[in-house]
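Down below is the structure, laid out as structure tokens.
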Amino acid sequence: MASIEAVGAREILDSRGNPTVEVEVLLDDNSFARAAVPSGASTGAFEAVELRDGGDRYLGKGVAKAVEGVIQTIAPAIEGLAADDQRLVDQTMLELDGTPNKGKLGANAILGVSLAVARAAADSAELPLYRYVGGPNAHLLPVPMMNILNGGSHADSNVDVQEFMIAPIGAPTFREALRSGAEVYHALKSVLKKKGLATGLGDEGGFAPNLDSNRAALDLIAEAVSAAGLTLGKDIALAMDVAASEFYKDGSYAFEGGTKTAEQMTAYYADLVASYPIVSIEDPLDEEDWAGWKALTDELGSKIQIVGDDLFVTNVERLQRGITGGQANALLVKVNQIGSLTETLDSVELAHRNGYRCMMSHRSGETEDTTIADLAVATNCGQIKTGAPARSERVAKYNQLLRIEDELGDAARYSGASAFPRYAG
């Protein structure tokens with residue numbers, strides 16, 4: 001296999017106009033690849049460290065130090081290594097960093113190199129990335145969990161829940177699922193306009209109107225599904241990312257104008273699940289409310305998918321704690337939360353081995369990089385969260401999945417309703 005000949009990096013902009021890291025890798029057989037790193041708005045306290053420069057430049061958000069770390073520290077250490085030994089490349093970087101949270105070199109530097117090396121190795125092997133990482137069994141196209149209505153940290157509105165998503169569960173193929181989702185998205189815009197509500201967009205391409213309640217958001221989406229000529233619960237299911245850590249303070253949740261305990265939040269979710277075809281709730285409670293998560297999982301885990309994002313931060317140790325303790329039944333997979341491809345794949349493997357579902361995810365600050373689309377197929381996640389069917393940094397991932405589905409031909413299978421406990425039988 002080809003070895004790594006040169007590694008370069010630069011500062012580029014993400015979809016929010018903030019700097020991020022882009023890495024380029026050249027192998028000695030002239031194979032070449034680049035990768036760009038995403039960045040989150042609502043970040044878990046236990047995520048790997050994203051190195052930012054501070055100071056006045058880019059309001060303190062520059063990544064010149066991370067870029068310098070790639071060029072001056074990481075590159076000399078990995079040049080000459082076999083590009084197909086991903087674990088060795090990643091381990092070399094982790095040892096160079098030497099901290100538990102990648103605080104020295106930065107997860108943004110390490111991840112950029114990790115993904116670019118994988119892409120270059122795939123190029124050298126003359127394989128698409130999903131096949132290179134996932135092998136011959138990588139054939140499952142994910143359900144697109146489309147965030148079409150935004151609140152919380154992703155929007156300037158008075159809606160507590162960060163994301164209201166649609167899941168096109170009734171489609172026979174990914175291509176048809178994408179069409180269904182896009183049609184509901186456009187129908188929602190018309191519904192909002194008709195009601196005199198704002199149609200401005202949040203970070204991830206979803207609409208961000210001011211609404212009276214979180215239930216009102218679900219009702220609007222239900223109306224849009226109907227207006228698109230589709231059936232709620234059959235063609236389209238609903239999902240939410242609550243991001244509850246964002247409104248948790250002093251042991252209670254500041255929610256819908258009052259405060260709620262974990263027990264009251266659980267009762268609230270149970271009522272929603274009984275009223276709407278909700279298949280998945282992400283981060284329903286605070287990232288350190290392990291007892292609350294256990295009670296909520298006991299109550300709702302057999303009915304719906306309960307996803308740990310801030311709870312697990314794609315970290316095998318925190319995920320193992322949840323598996324042992326009975327918290328959640330699914331893992332949200334964000335490559336930049338943990339900061340290397342190897343560690344990401346280890347987390348997915350641990351989840352799958354223990355019967356936890358997985359959802360591949362973007363971040364709110366994205367680029368045109370499509371790596372996560374390939375990784376969703378490579379890992380047979382069956383679900384991907386990469387925003388609304390709008391804004392090119394979101395659509396880039398959907399378009400890559402269309403290409404993968406075409407390339408797989410008859411071998412392609414769309415995950416559909418079987419991805420979720422509510423419909424899996």
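From the backbone N, Cα and C atoms, a Cβ is placed for every residue, glycine too.
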Quick one: which of Lys189, Lys334, Lys397 does Swiss-Prot put in the (2R)-2-phosphoglycerate site with Gln162, Arg363, Ser364, Lys385?
-> Lys334
From candidates Asp235, Asp241, Asp369, Swiss-Prot puts in the same Mg(2+) site as Glu282, Asp309 the residue Asp241
Where among the binding-site residues Gln162, Ser364 do you find the Cβ with the fewest other Cβ atoms within 10 Å?
-> Ser364
Are there any residues in the same chain, six or more apart in sequence, whose C-beta is under 8 angstroms from the C-beta of Asp241 (Mg(2+) binding site), and if so which?
-> Asn147, Val161, Gln162, Glu163, Met165, Ile281, Glu282, Asp283, Val307, Asp309, Lys385
Smallest Cα-Cα separation from Glu204 (active site, proton donor) among the recorded positions Lys334, Arg363, Ser364 is shown by Ser364
Sorry to bug you, but what's the C-alpha spacing from Arg363 ((2R)-2-phosphoglycerate binding site) to Lys334 (active site, proton acceptor), rounded to the closest Å?
-> 8
Lys385 ((2R)-2-phosphoglycerate binding site) falls, by DSSP collapsed to helix, strand or coil, into strand
If we take the residues Gln162, Lys334, Arg363, Ser364, Lys385 that the record assigns to (2R)-2-phosphoglycerate, their largest CA-CA distance in Å comes out at 17
